[in-house]
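Contents: one structure, followed by commentary.
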Amino acid sequence: MGKGLVDAFGRTISYLRVSVTDRCDLRCFYCMPEAFNDYEVPDNWLTFAETERVVGAFAALGVNRIRLTGGEPLVRHGLPALAGRLAAIPGIDDLSLSTNANRLARDAQALRQAGVRRLNVSLDSLQPRRFQLITKGKLEKVMAGLMAAKEAGFAPIKINMVVMQGINDDEVLDMVEFCLTHGFTLRFIETMPMGHTGRSARDAHYISLQTIKARLAERYNLLPSIMDGGAAQYFTIGDTGLRIGFITPVSQHFCATCNRVRLGVDGTLYLCLGHKHSVALRPLLRAGISDEGLQSTIRKALWLKPREHAFNDRNTQVLRFMSMTGG
Ligand code: SAM
Ligand code: SF4
């Protein structure tokens, strides 16, 4: 067993986000260009067995939390089966999923039974017309998915809302009420300059979450709170029990406590969302690398992890879309 994965800045990596596809059945304008179809070819997707091996290597090195993401993970066929295989790996004690919930009504029960405990669901608007403008999808399908998730017993269910000036910032209070009604946790996210879609969304619609927090504080009593050591800063609203998180990668980055790395669908290990540093694991897997060799490669890769992202540096171009790196 390894002694834990530590990077050059002393940060311990305990969390791996696994992108199981770069495809998506929605088109959130800040994430993917509408006509985008430059996807990875299936031959280059890690197979379930390869994904299991990589996750096993990370688990042997002390990683205990896995999040399945994408693209939209539910468009990958057989996702509940993969989830079951990953949940069974010794050392993995937290398996979660990020989804747009568009197909969740179909898969919620199977995923819960496979061992996925926690769910993050993207939801940027509660208005059908506006939801359609932002995502090109149908709100009713997502709502059906969310209710199926509630029924299946995922806990917590976190709603992720990318807050954009002039697009949905007037829905912040409605979203609070919606989450209070259903017992969901709510997290607000700032737009990030990922790919040219994220860059232009940020330029046109960026709003600092400090502004949103100030607006909420006028209406509610926000009490500082803690939740599962992630990237968000949490508050509870009075004595309601509703937790609200603020994810502020741009206005207040949290790189100093970053505990995560990302695996792309093609087996590329990305060390930071905001930089190009990466290591291609697929060729090594397909060339028959041993478990020890794989673990040693991962350990060495960690030394490439940069100190912090460069989202505020306009000269730095991050060409990948969020859907490619695994959001
Ligand atoms: N399809 C799934 C979903 O939407 O939850 C999982 C992948 S998605 C890339 C993960 C998260 O990234 C979503 O909450 C989405 O809103 C967020 N995201 C995508 N592009 C973004 C951007 N430019 N800025 C901020 N958040 C972004
Ligand atoms: Fe798809 Fe998620 Fe990107 Fe929206 S944010 S386009 S749902 S991957």
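Placement of Cβ uses the backbone N, Cα and C atoms for every residue, glycine included.
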Requested in this report: Figure out which of Arg11, Arg17 sits with Arg67, Ser98, Lys158, Arg260, Val261, Arg262 in the GTP site per TrEMBL.
Outcome: Arg17
Query - Spatially closest candidate among Tyr30, Cys31, Gly71, the listed binding-site residues, to Arg260 (GTP binding site) (Cα to Cα) - result: Gly71
Query raised in the report: Which ones in the same chain are close to Lys158 (GTP binding site), with CB under 8 Å and 6+ residues apart in sequence?
Result: Arg118, Leu119, Asn120, Val121, Phe184, Thr185, Leu186, Arg187, Gly245
**Report entry** Inter-residue Cα distance where the pair is Cys272 ([4Fe-4S] cluster 2 binding site) and Ser122 (S-adenosyl-L-methionine binding site), in Å
**Finding:** 21
Report task. Compare the Cα of Cys31 ([4Fe-4S] cluster 1 binding site) against each of the binding-site residues Arg17, Gly71, Ser98 and report the nearest. Result -> Gly71
**Report entry** Neighbourhood of Tyr30 (S-adenosyl-L-methionine binding site), C-beta criterion under 8 angstroms, separation at least six
**Finding:** Val162, Met164, Thr191, Thr197, Gly198, Ala201, Arg202, His205
Report summary line: What remains of the binding-site residues Cys24, Cys28, Gly71, Cys255, Cys272 once a 10 Å Cα-Cα cut-off to Arg262 (GTP binding site) is applied is Cys272
